Structure formats: C-alpha cells, structure tokens
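First the structure, in the form of structure tokens, and then the observations on it.
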C-alpha cells in the first residue's frame, strides 16, 4: 500500500493532485494534511469536504499558536522583512511542511505531494523542510511537472483543464473564468497577487483588500494603543496580557479598522523574477514598527547599525524558507543577546493607514535625561574641542591631497565655493 | 584690524557672539553671514536687523538652489537616512560653512566664529568644513567655551544671562522664560527639539508642527501625485518640470496639507547621547519614498541589498558632516552608476499622513510581464527541479550533523515535530 | 548546414564533443575555438592537432594581453579573492566565452557547445556569457547530458568510454587509468584538483606543483623586488616598465622560484559542494599582497573597512562568472574612485614561500611623519581628554544597566575581577 | 590619606609618575600594580625594584592564564584581527586595567594613574575599563597632561627631562639617547614601534626581532605540527593536551624558530593617525591560520561570508578596548553558536616564515567525499540545466537594457568582442 501525504490547502491545484497522485503516480492511499495557520475557516471547511469527496484521508491540524510563538515572534525579534515584505507567507511554509512530516511519520508514509508550481517560492520552502527532515522520502509536485499529453510530453495545466479533471473525480466546481487574483492568508498577513496586480504600474482596486479599510473608510478618530514587549516579544496590548494568537488576532482587527498594514512593493522572487506584490498585514506592521522603536531606545548606535545587517540576512533566509540553516541559528543567537534588553512599552497612534510611534519607555533605555537635555551642566562642553579637532582627520588629510593637484577633479564644485581654493602655501598638517 | 566671520542665524546664541568676539576675543571687525537655505523669511530679516544693531557687517546669501541641487538631490539618490531621519539639518551645515569660507576669502578674514554648543552635532559639521578648507584659520566657539567668571573659570551661559548681555549691547529682547523648544528649518525639513520633547515617552503636542497638518485636520480627500525621476533626481511633479527649489517647496506644501512627513525617533548623536527627535519633512519623505520604489523596479536583488549598505554608510557620513570624505566620494561613484538607470515615474497617494506608492514605471524596469505572470508558458517549470534539489544543500548537510547527536540541542523544537526526529539509519547524503 | 562553435581545450572531454555534436546533435559543421590565456603551448598544439584529426574547423585565439588588462588588472584593483582563491580560472572563463561568441558571429554560427560537466562552476560562467550575448543561441553540453544508453536513458561518461569513443573517431589516446588529477592553467594561476586532492586532510604531493618550488628547493637567498602601481594597476617591476603580459610572466617565474603563491583551501563551489583545492599563483599572490599594502597607505580607515565588503562582493560575482552584472559595474565604479589614489611603490622580499612587504611609498599617503612620530609636539595631547571621556559612552551606560541587576548574567566574569562588582550607590551617569 | 593605584610597567614613563602623583597631584600613598601577561621576567623584576626605590607599595599580579583563556581564546574564535594585526597589545589592556580595579577595591583606593600619552590607543583602552567599573574614580594621566612649566603652562616631557626627574627621586638611569624604538610584549605578541620604524618605507632592521628568526636563520627543515580545537579553542598540540599558557608559550617558541609570525603593516590608530607597525606573533599567527582553515571546513558558505563581517566588527571593538560593549557581547553570541561545531584538527607545515595548512579534519565537516568527487554518479548532472538557465537572470535582463541603447556606454569593450553587439531583433526575454 503506497501512502503519500499531500500538503493540502483545499484549493483547485491541490485538489487536482488527489486523484492525480493516484492515477499517474501510483499512490493508492492519499493522506491530505491541512495546517491551520489562520486562514479563513471557510477554506478549512472546504478542504475537509473536498478531501472527503475525493476519497482522501484528511487531517486538519491547528497550528495557530505554534505559528505565532515559533515563527511570528522570532520574526518580530529580527524585525523580519524582505524588501518591505513582513514575510507572512514565507514563515508559514516551514511549519506547514513540518506538520506534514509529523503526520507522515505517524502514519508511516514515505512520500509527499504538494501543489506548488515551478515558478514560485513555495516549492523551495516546502521541499527544503521535507528534504531536510526526511531526505529519503519521495517528493511529487504534479503542478510543476505539468499535465501529461498523449505523446508523453508535459505542459502546464490550464485552469479549465484542472476544473474538468477535478469534476470528473467527484467535485462540482463551476467552469468560471480564472479568478483574477489569488490569495494567501494567515495570522501574519494576507497576500493578493496575480492578473493585473502583477503589473508595477497598476493601481490595485479597493476590492482586493479584506482586512484593512481603505482611504475614506477608516475609523474616524485616532486610537492610541500601547504594546508591551518582553525580550523583544509582544506580551500585552493596552496593559492587558494576551496569549500570542489573541494578541495578533486582536491587533489585526484594530489596526485593520484604521487601515494600517497595506504594503505595495516590487519583490524579487527566488528565481530572479521581479513581481509586484500587495499585502495587508495590520498586526505585523504595527508590531514591527513598535519593536523597532523600542530597539532604538535600548540598543547602542553600533548595535543598531550592525543588527540592521543581521536582520536583513535573517529576512533573506526566512524568505528562502531555510528555517534550519546554521547561519539563521547564528544570527538568532546574536538577536537573542540583544533582545534580552528589549523590554518596555511603545505607544502608537493608529489612524488612517498609519501606525505612528508617539512614545516609548524601557527600564533598559540607553537614555539619560540629564546628559541629553539642553539645560544640563554636567557635561563640560569645552572638553569636546579635542573631539572636534580630530573629527575627520584623515578626511582632511585627503582633502589636502586633492587640493594639491595630484588628484584629478575639483576638490569643491565651483558653485559651492566661488573663489577657487588656493593651494596650501605651507606644509602644515591639519590638526 | 582683526576680522572674523561669524556663522550667524540671528538667534540669541549667535547674537550674543557678536559683542562677545569683540570684547573677549579681540576682534574689532565682525562679519556676520546668514545663509538662506529655506528658513523663514522672518528669521532672515531678524538676523539682518540684529546684526545691524550689534554693529556687524552683515551678509545674507541665498543658497537655496545650491542646497537642493548639491545637497538634497544627492541625499535622494543615496536614500539619505540616519536612523529614520532624512538628514535635513545635517546636510545644510556644510553649505552654510562653505559660504562662510567663501565670504572670509573674499573679505580677507582668517578667523571664524559660530554659536554651537559643545554637546551637539553642528560643531562637528561646521568646523569640519572650516578646518578642511582653511586649516590655518582660527575658530572661536564662545557658547562652547562658556561664560567667563570673575575667577577665570567658565560655565555655560543661561538664557537669562544671554538676554541681559545681548540687551546691554543694543538688542531689546524680553526676559521671557526659555522657549520650550528650539527649531531648525530649511527646505529639506524642520526639526523641533528641546524641553520635554527630549523625553522618549512624551507625546509631542500638536502645536510644535508648522508644515504638516495633524490627525483630523488634513485635507479630506486623497490626492494622487506623480513624480518623475531622471538618474535618481526628481525633475517633474504631475508631469510638469519644475526647478529644484520649486519642486521641493511645492511638495512641502502639498504633502504637508496631507500630514505627510512627521518623524518621531530616538536618535544617537555623535557624542553618544540618545535623544528623542521630532521632524517634519513632507517633501523629503515623499521623494525618498518614491525614489526607493523606483529603485526596487530597476535594480537587481543584489544591487538593492548592497546599495542598502552603501546608503547607510553615506547617511552616517552625511550625518557627521564629512562632506568631502573620500569614502563619501567612493560611495557616490557607486551610487551614480546605479542612478544612471533610475529614470521613470512613481505615482503616490497622499492622504492622512501617508504617502503610499500605488504605481511605478520605468523604461529600465527589470521586469518582464511575460516571465512574471502566472499564465505564462514560456518558463519550463519542471526545470526548476534541479534548483529545488540543490536549495539549501549545505544547510541540509548541517542538519544531518545536528541530528547525528554530535552537536548539542534539539535539531527541531519538539512542539514543532511531535515525534522525535529519528537518527538517520543510512549514510545517505542529502541530494 | 548546421554550424556550432565548440569551446575547445583539446582535452579528452572537449575532444569527445567534436564527433558527438555531429552524431547525436546533428551539427555537420563543427568550429573549435581555443583561446590562449596562457596555458602551456603544448596544450595549444595538442588542441590544434586533435581538432584537425577530428575534422573540425579550428581557431586558436591569442587573448593573453586582453586577459591581463581586462580581467587580471581589475582583479588586482578589487583585491580579487574568493575564500582565499585569487580567481584565476574564474576570470578566464568569461573571456573564453566572449571569444567564442565573437567567432560565432563572424562565421554565422548560432549554436555553442562546451565540455563542462553538470557539477562544476564553469558551466555557469561560460553559459552566462553565451546566454547574455546571444540569448537566442542553442547551447549543447554533451558531458553534462551524459552518454545515451540504448534504452534512451543517459549516464555520465567514464574515462574509458570516452577514450574508446574518441579513438573510434580518429584519435589515438592510450587506455591509461584516469589521470590522478586535472589541471587548469592560465597566466593568473594554475589549479590542480581531483582524486585524493579533493580530500580535506590529504597532504598534496610535491609533484602536483609546476610553477612553484617547494620547501627545501627554493632559491637560497632572499630577493627584494619593487612593484609600482598606477591607479591600482601594476606597471613596473624593479623600476622597469613592462607590458602587462611580460609583467605577469616575469613575476610568475621570479616569485615561483622563491616558492611564493601556493594556496591550499577548502572552497565552496557554486552548487554548494565544499571541495579542497590546490592552486599556485605566484604573480597573483605577489601583486595582490603589494596592492593591499599600498591601499593601506593611501586609504582612510573607513575606506579600508568598506572596501573590504566591496571587494568580497566583487570576488563572489567574479567567482560566479557574472562579468556583466550591474552590481559588478557599480562596485567597480566605487573601486575606480579609490584606485585613483593607489599610486606608488611597494617593496617585497621574496623568500622561501613568502612575499613579505618591507616598505611602501606613495605621493598620496595619508601619513604624516610629523603627527605620527612619538617626538612631535604638534598635537596637544591634553586635548584628547575629552575624546577619552566620551569613548564608549553608550557602552558604559549599558554596563551600568547590567550591574543594576536588571539583566541576567555576570557583568564581569568573577575570575577577572575578584571582588564582585558593587552595585552603584548613586544615580550618577558615566561621563 | 589619599591613595592612588598606578598602572605600572616599570618603564621610564610610569616610573616618573610615582613621584609625580605625590608632588603634583597630592597623593601620599602610591600603589603600583604590574600585571604579568607574559612580558619578560626582567621587566617584572625591574618594575618591582624601581617601585621599591621610589617608595611605592608594589604588587605583581600573575594574570597569564586569565589572559590566554579570557582574551586570547576569544580572539581566536573571532579570528581576531584589525587591519592585519592580531590585537596582541589591545586585548591585554583591559585585563591590566581590571586587575588595577581589583586591587583598588581591595585596598580602598579611589584614584588611578597611568603613563599613557595623549596620542596613542592605550589611554582609551585603560580608561574605558576604569570609567566603566569605577565611574566615580579620579583618573590621572601625567604624561598626557605634560610637564608643568613655571608659568603654569604644560608641555610634553622630553626623555632627558624624565630621566633627570626620576633620578632626582632615587633611580639611577643613565642619560642615554632616547631608545630608538619601544617594545610591548605579552603572550599574544610583541610590538616594536617608534623612531624610523614609523616610516612606511623603512625596511626594519633584523635586530628589532626577538621571538622570530629571520630569513637565512630559521631552522633548516620543515616541521609539521597538528593543532586540535574544541569549540574553536586550541586544546592540544601534536596530540598532547596542554594548558592554555603552555600551548601558547610552546607555540611561540616552535613557530618563532621557523620565523613564523612577523607582521609589517600600516595601521590606523584610534585618533586617525596612520602608523607603520612591526609585530611578531608566532603563536597567534599560527593559531589564527589553523582556526580559519577549520572554520572553512565546517561552516557554510553563507556563514563564512557573514562571520567575516562579524569578526571584523569584533576586531575593531577589541582594538578600541571596548571589552564590555554590548555589541561585542552580541557578536560573541553569534560566534559561540558557530564555534560549537569548530572541533577537529589542522595540520600545518612551519618553514621559513610560513605556517602552511596542509590538511584539516573535523567530525563536523560540511564535506561529502561522495558528492565532491569527480567520479560520483550520485548527482544527476543534467538537473543542473535549470540552475544554469536561471543563473544571472536579472543580470541578463540588465544587459538587454544596456544593449538597447537606453543606457550610456558600451555594453562590452570593443577589444573583448570585435564585432559590435547587434541590437536584439526580437522582444525575447532571456531564459
């Protein structure tokens, strides 16, 4: 009895895979696994029903809490971002694949199927986990391989062909035109892509958004919220401690009502294609904004500068789905050390599409009212003379060289310094 | 006849310096230079009048166009930023100092005075230019040196003492309490700091803002604008070519009416102090947002990642005022190469505090509708199998090591993978 | 008449390709192109003869000068390195492919063949150029595709099968065992790999080296040489201006006699495999050592730090063969700006495997004997007090936090500070 | 009774400080602390004797083991380097200052003195520790402040004046000319600087070296050694476990006999001066070479690239003496994560000034003989076609743009591609 675990969303592509792995790949026992990371309940129900009608052994696994704790929170600590995208879909894929592996082990399956095409990022993220955890397993990607033609060649499935095939196997999907866009949704965000939305210059219509209100439709008055962090992890909203899922869910609702979290970017996919993407991520954007503000209060200037590079690298690894990469672990050790101090509260005003930080407070602030204030007499200002005199010392030595005529080009554009700079008459060194 | 050029804003500090450099430092000829980089006309007039009343030879130099062309435009090309701050004051200081040098040369002065204290950043920025261009000149900083006491020691001036001293020399400034905050203003932005504003957790009152409307007070309908760039430089607004100053001025007005450009950050000053800062920079924020969006369309993923480091370094040098640093020139050579392609238009929607990119277009887009679209059959998807199979190869070899028990720690948190990961039974290498 | 240009080294693999592209791929006109970048003359002659015997239209193109000027010199300016490897083979591949394209255009061919396998780096480097310059051309890689079996499947060729096949088509190669290692050689270096040499822990036998003398066999007395650079490019040796090829050839000989240039590293190939590599690159190692020393004299500390990142990125792009990548061009703009000042001479002592810098001199040195010397009285040392007092200000504020007990862990290991650090009794801020 | 702890080397500068802090600074109880980090025993004895003769309460503290364990080993793990310098003096200073603090606490002193001038780096390193651990303490730096003239002004001490002053207080130092160079020595290395050695172009005379044999004087036969690492820390030499101090001492001797460890660089000091420096660090250079080779075997390509940045930052912080900086701790958390796997052995051949890696072995090697070898049939080479086809995709799209004539400049230098590149005739996208 050849068993296969199919990573299953309940959508058309993965539904087509159920009969396909039976008929073309010779699996007589198809186990469908739908991992709940916060997608609409209706999608979960549809998956259950379609799997049942197509004769699969179906499992729905609630992984919402794991998703927030083990994937969203680390993303917050790393200011998780890739080219402006808070990685919502990216960080859910490893968890989905992990749960598929768990189920395969439990049920003794040694093959996996998924519905990813060969153009996108998800094939990398999902297969990385499968190949890492079960390197010996067989992996089937029917959508990537394409429809088998009578002559043995393969070509990509059309939507119409998929519907015909699915309905021939027991579903009842109307032959409508292809949906104009496709959606992926989890607690950390909602992505809408495809069709004209891919064009860099096409203003997205209001109707693609579901979680965020648009201009003119937001709540009419500003709302100030307070987020508390412990070690870089959000723990409370407006003074009330919330479990991770509730915190994210609540914030998605509140910030969404104020239109916060819309993102419109060009994104470089893993295969090198540039695609225009639209996201709405109210909770993610609000939490990341707050977290960055708190870090700016407790970290040194050097830490902020270097952590920006650490975070960027983390974001790239997370985007690629390399969840167990040793470099990711190394970066997280750096991040964990910094986050030890990222405790405190951030106040934000949500209004009309913006989450604005209006205050921040931490027991670990590297801030001294005394030193910073204008009025202080504690710092002997005249001592800064030596600092000023050495400021840019090498830079000034270089300028002397430029002025000396040994290097090409004007040292200063003439418009900026009407009189030409005279050559130095002495050998004096700048001091 | 000992001549000194005083970098002069017309404020209390620099006004005090006029009689001070005469009485304490022995200069009998004080030349005041006020450089117009877009500050309020009233400030310019006040400077002229005070200088006259205090007996200085006064010059006002209009440098607005130089400021935008030679300082703001390079900042746009470098996505000019330091910890969230678009560098408005920072990039004006070198120009002000350059014009002071120009005037000194013209009039044969070999000494400079300025009103910077010993705690801030401006002393570094201004003196770097003076020491670079006229290394032999004497530099006087009376506010930094402090008020001379009868016993020869020095201590910082209080506002009240400054007013008394200034009035004793011909001004007529009322003895009010110290202003609650201090303002610096030029075409690239407006900073408001001091007093309670320095506290990280103090919500700034609406009254500190002058250029941007606040929540509830913005224009009631969204406005879509189009900005055109040539080689990374903004050249037209809504299809109309504008000279640099007009473009910035117009955009400050338009974006300000929509509340765009408020910035509230913790900032690390050069001496290591962390200070909370409030800025309003409507034009700068709008142009930087648009420029980044255009770069995301025309640059490769590798360029975007590396240029982020280049830009950050540029921002730090600009913040420090090291305008002629060789590294800054090197970075600008990199930037210039990239900007050659940064031509095109960006559409933004201004509304309620946000400038949202809603479209971008460039003849140099690294975007191919054909490849990016879902429907395309041009890319043979099955060819991605090899890519997927090598994805994270070293990462998977590492995971095998972890699983082997040679390294400490769980390879996967048990919560994520219920059944413990079995040790590999074969020596098989991941492929 | 179907024409194909075959990138031809004269080795077994590429020789097998000549009859193969005729018999299996249907090309009736095979043009072989051997590009001379400094490989042994005997290899060039062998290529000519084998091509003739196998019935190809053969061209040998002397590209030695182009190679040094357009590939080695830019590598010097970028301190060209990838994980310790001076990129010798890597930077020759684009030139070889360029010359193949040139010949194809001249002769009207629209297909290319090469003998690279599917495991190495060269397939990427060569095809990148072909696909960039003639995207419409057909590309055949018979060794990567493998030997066609009767049942239609393919498998890698064995050496024995290759010899049989080649001899059956007119060559006369003895059936010896596979050579223990394979060699690639050009003016910039010689690589020896394969067999036991791939093992990380195998001490390479002396016989694999041809250009460098081994321990105990080097010239018995040290030799001091002087290299002059103009804009980062080597132009003279011991005061004598040499054309690029002569300079490299001479230096390979001289430095090789002193055993300079052996490199033994683990290298990460593009597909993710780690391989142990042995190189000998006498001229490259000597010139890179000298160039770095000159940069250390003329660049600011900031430039040196940032250029290290620029160089590393350049090295990675060059390793990958992305010769026309826009990021590479951007980095080269940065590099060119720096190199403007990299003029001067470097003195090195060659002896027993080492090229030691013993002196450097430049008109553009950022060095001032006056300031640097111990004896100088020009720098008022007491002025450094202010600098010392602000040194690590944030770092010290952080330490106070650690000491306060709010953070976990010992602020100082007890072994380092016997008495435990007392908690601060005052609220005093470090100054 | 005013007590002061003087950081004491026994040299002329610090010896002068003993009477000076009594006579000019009013301390009647001078405690001298000499911390033994491996300097010559003769220096230790001289310090004891001079302190006694000058009436100080003297302590010698043996900190050799602490130095290696807490300072040298972390430097190895971080590949500790600043511009080619293995940080030998830099990393000893914090320990010396820590022991001074320890003694001050024990004896109830609240003031510190040191003999650093105002031009060097050590004032920063030592005072950072003092100001961090005892922010309330008074710090005296008589050499930096200079000799008090009758008129109250101060000027730097001359050597001759120092000798007169010291002898007048009980020492018996002959009035010789200033020593031509000054030496600092500890287990991690020996630095020789000053006089003509500061000139970039002066070949250092053989006599300045003490630990390393010069060309022509090294042991006549190569010696192969094996170093074993556990978690990045050297633990055994040639199979024999050694305590840290013995390992370093032994290696200094062995490698020194082979002339290994001489370093001749231009170095950027903290105040911005560039100085030529000569070091000899046989153990440090050997261990760092070995450690890097082992990391290259066990780390992924991504880790090696990123850790290079981490290490460089660590080196800069260590150079500046910011031993307790939070960024340093963060970087060390990253490093510790990586080092967990840095176990294994490295074989090096020491000969005539070079330590050459000739083999490395680790249970954690990311190396698979199977995959790496040429002969393997495990990797299906034809699968790399997809990888090759997507290699440099954006890069090729960019090249199309260049060729289209929209961008300036030749896409390919004519010398490299004789026939000019024809404009693309189709709209075809590279694939």
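Note that Cβ sites are derived from N, Cα and C of the backbone, with glycine treated the same way.
Where the annotation comes from TrEMBL, it is an automatic prediction and has not been curated.
Annotated range for region 'Disordered' in TrEMBL, selecting from C:388-409, C:410-431: C:410-431. ATP is bound by C:7, C:8, C:9, C:10, C:11, C:12, C:13, C:14, C:15 in TrEMBL, and the record lists one more residue there from C:113, C:115, C:118, which is C:115. The L-citrulline site recorded in TrEMBL includes C:85, C:90, C:121, C:125, C:182, C:191, C:267, and the single candidate from C:70, C:279 that the record places there is C:279. Comparing Cα positions, residue C:85 (L-citrulline binding site) lies closest to C:122 out of the binding-site residues C:9, C:11, C:117, C:122. Cα spacing between residue C:182 (L-citrulline binding site) and residue C:11 (ATP binding site): 10 Å, rounded to the nearest whole number. The binding-site residues in question are C:13, C:122, C:267, and the one with the fewest Cβ neighbours inside 10 Å is C:13. Using CA atoms as reference points, the binding-site residues C:7, C:11, C:15 were checked against residue C:279 (L-citrulline binding site), and the closest is C:11. Comparing local CB density within 10 A for the binding-site residues C:121, C:182, the maximum falls on C:121. Maximum C-alpha to C-alpha distance over the listed ATP-binding residues C:7, C:8, C:9, C:10, C:11, C:12, C:13, C:14, C:15, C:115 is 13 Å. For the pair residue C:90 (L-citrulline binding site) and residue C:122 (L-aspartate binding site), the C-alpha distance works out to 8 angstrom. Across the domain 'Arginosuccinate synthase C-terminal' (C:181-398), mean pLDDT in this model comes to 93. Taking the Cβ of residue C:7 (ATP binding site) as reference, residues of its chain lying under 8 Å away and at least six apart in sequence are, in sequence order, C:14, C:33, C:96, C:97, C:100, C:112, C:113, C:114, C:115, C:126.
Residues C:85, C:90, C:121, C:125, C:182, C:191, C:267, C:279, recorded as binding L-citrulline, reach a greatest CA to CA spacing of 19 Å.
Distance noted between the C-alpha atoms of residue C:15 (ATP binding site) and residue C:267 (L-citrulline binding site) is 28 Å.
DSSP assigns residue C:121 (L-citrulline binding site) to coil in the three-state reduction, placing it in neither a helix nor a strand. In the three-state DSSP scheme, residue C:11 (ATP binding site) falls into the coil class.
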